[in-house]
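**Q** To start, I am sharing the structure in question, which I have written as structure tokens.
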Ligand SMILES: *Cc1c(COP(=O)(O)O)cnc(C)c1O
């Protein structure tokens, strides 16, 4: 398609957008009475309008039924979390039995590492990407120290080449092969939070298994953004937060995937609690743990219903739309944003540099842009003018036009505001 950087063209794309009505289903913050252009759906997704209904339902059940709500609410609380497995399985490419929802992301990765980081003899190393999300770095360091190793020795980082912004698959695979039988676990962010690079999870998982390691993925930036086939890729485990592309609200519950190969096992190392024991006998309060026959065996506590309710509301929308439609719009709107950025770059003779891979297979909803010579002032100008982006030092803005609620006209308007901001600065 031949793009044009004009309002008319952007509006034409909006008219042809099969998801355009979904914008109405989300609540936008306002600046000067006008809805913002929201680029931070990769950090905290907007609130769907149906969320309040789901939360109110729980509040009402609590008021009217109190403890009886566990069993007699319309959506009883004792198995509330089980409702999420099916819609989530379609989003991450899994069987329903391989999904569970609990806790928050860092907590879940720690819990999953109890099962999947089992250093022994010379096999004790963890491979991750360099400059992983800080929480993942702290998590991995504390895990290896917990097992008595030195992070400098036990954590092997995959490096980027000098002067390059993204990882090369060949370098990832050669790192895995060189660590070989010393590698206990590979744990990488499936979509890099800084650049938006999407990793070839299928190939990396296979090569990781070939050297005898477990392979898990942090899908904070993957779930609800890119096509995932966790079951078919034979991934051992994965976890994601729900408040980024999945619009579940601040700090809300996280999803986990555990491949069915590991289900129905009593001998797998795992931290256990009563919500992981068989539903039929859970309330018989027996002394021995009988695992749920699926990923729910990793559950510990009774579920945080007020944290799950918004996630269930959001999954209703995902189920209605489906990932195929979201990905189709995502590809077009990200391509259009890229075009707008390049047009503005040419007009102001600036030197933006998009550090996200340019191929569709290697990127999702996010474009990370290096603004050479621009400072924090530009970011503040954007915020003041109703464009919410995310600034990372030294001068990168991350732009994630969530296909659910961002419009093509947003992309055009953003370009105009950006241009004004840059020109104003160089004039004033
Ligand atoms: C956002 C993000 C997290 C956040 O972890 P929480 O435990 O939910 O605070 C972790 N890892 C990555 C890669 C992220 O992008």
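Note: Cβ is positioned from N, Cα and C throughout, glycine not excepted.
Just so you know, TrEMBL annotations never went through curation; they're auto-generated.
So TrEMBL has the following annotated:
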type	residues	note
BINDING	105, 106, 133, 134, 135, 136, 218, 221, 243, 274, 302	pyridoxal 5'-phosphate binding site
MOD_RES	244	N6-(pyridoxal phosphate)lysine
**Q** Out of 135, 243, 302, which binding-site residues lie by ligand 1, with a C-beta less than 6 Å from some atom of it?
**A** 135
**Q** Among the binding-site residues 133, 243, which residue has the largest number of other Cβ atoms within 10 Å of its own Cβ?
**A** 243
**Q** Enter the number of other CB atoms within 10 angstroms of the CB of residue 218 (pyridoxal 5'-phosphate binding site).
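**A** Excluding its own Cβ, residue 218 (pyridoxal 5'-phosphate binding site) sees 27 Cβ atoms within 10 Å.
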**Q** Could you list the residues of the same chain, at least six apart in sequence, whose Cβ is under 8 A from the Cβ of residue 244 (N6-(pyridoxal phosphate)lysine)?
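**A** When sequence neighbours closer than 6 are ignored, residue 244 (N6-(pyridoxal phosphate)lysine) has 41, 42, 43, 44, 45, 220, 221, 223, 224, 225 within Cβ distance under 8 Å.
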**Q** For pyridoxal 5'-phosphate, with binders 105, 106, 133, 134, 135, 136, 218, 221, 243, 274, 302, what's the maximum Cα separation in whole Å?
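**A** Greatest Cα-Cα span of the listed binding residues: 32 Å.
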